[in-house]
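**Q** Grabbed the feature section from Swiss-Prot, which reads as follows:
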type	residues	note
DISULFID	C80-C139	disulfide bond
DISULFID	C195-C244	disulfide bond
DOMAIN	48-149	domain 'Ig-like C2-type 1'
DOMAIN	174-260	domain 'Ig-like C2-type 2'
SIGNAL	1-25	signal peptide
Amino acid sequence: MEAKMNLHVCALALLLFGSIATVRGRAVDLVDDSNDVDNSIEAEEEKPRNRAFEADWLKFTKTPPTKLQQADGATIEIVCEMMGSQVPSIQWVVGHLPRSELDDLDSNQVAEEAPSAIVRVRSSHIIDHVLSEARTYTCVGRTGSKTIYASTVVHPPRSSRLTPEKTYPGAQKPRIIYTEKTHLDLMGSNIQLPCRVHARPRAEITWLNNENKEIVQGHRHRVLANGDLLISEIKWEDMGNYKCIARNVVGKDTADTFVYPVLNEED
């Protein structure tokens, strides 16, 4: 019970901090800054399963804008952030789907088995071609029995010299499109910190540890083939900021994840 209380207190503190902190999104062309409407939707909650938490929970910490206007030749990045129990997953749906289909949509990601975790995850969708028509992009988040989602309608350029729907030519700098901002879990747990990248040519990924030193493969720290960082049996000394760095010939991008090991009072 004390372990659950520790995790919930940490989560509430992080949510409060996130709600008052100024979050700066990446620049996209002609964002509709006048729109302050909450466009998120939360599905009906099912009966929770018997796990370390009394119920699943999932909340947006950053919802995508309701609409964007694409400029000729501009790459757009739509950002979505949420925080919840276990390890929430985010996927993007292109095109309009009714609520019933969004609720029943099968996730294209393998759920990470982490019943004691509390995680804040960030995902972005890249549009690197000229749209031919207005299109809806929906950020769908899940954890356990909870599903939430929010949509953005992107309008095409008013006039374009480029061929619609054709990917922009040439190399593209890396953009980290899937990462975790914060990861809390009980000491002794194995955690996997994602770092998924959109780049052309393919980006090389390195990680810096909580002492700002490059991580060398070892028995407790491993960089996986997909760029994720696996930390086995986390300890109190693992607490701190971990940085993913993605590089290619065009440039680089970075993303930080704060790891917080929580004492399990039941041990």
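Using the three backbone atoms N, Cα and C, a Cβ is placed for every residue, glycine included.
Could you place the listed features in the three-dimensional structure?
**A** The C-beta environment of C139 (disulfide bond), restricted to residues of the same chain at least 6 apart in sequence and closer than 8 Å, consists of T63, P64, I78, C80, I90, W92, S123, H125, Y149, A150, S151, T152.
Annotation note: C244 (disulfide bond) sits in a strand segment as assigned by DSSP. If you take the C-beta of C244 (disulfide bond) and look for same-chain residues 6 or more apart in sequence within under 8 angstroms, you find I176, T179, L193, C195, I205, T206, W207, G227, L229, T254, A255, D256, T257.
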**Q** Go ahead and report the DSSP secondary structure tallies for the domain 'Ig-like C2-type 2' (174-260): helix first, then strand, then coil.
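**A** Secondary-structure composition of the domain 'Ig-like C2-type 2' (174-260): 3 helix, 51 strand, 33 coil.
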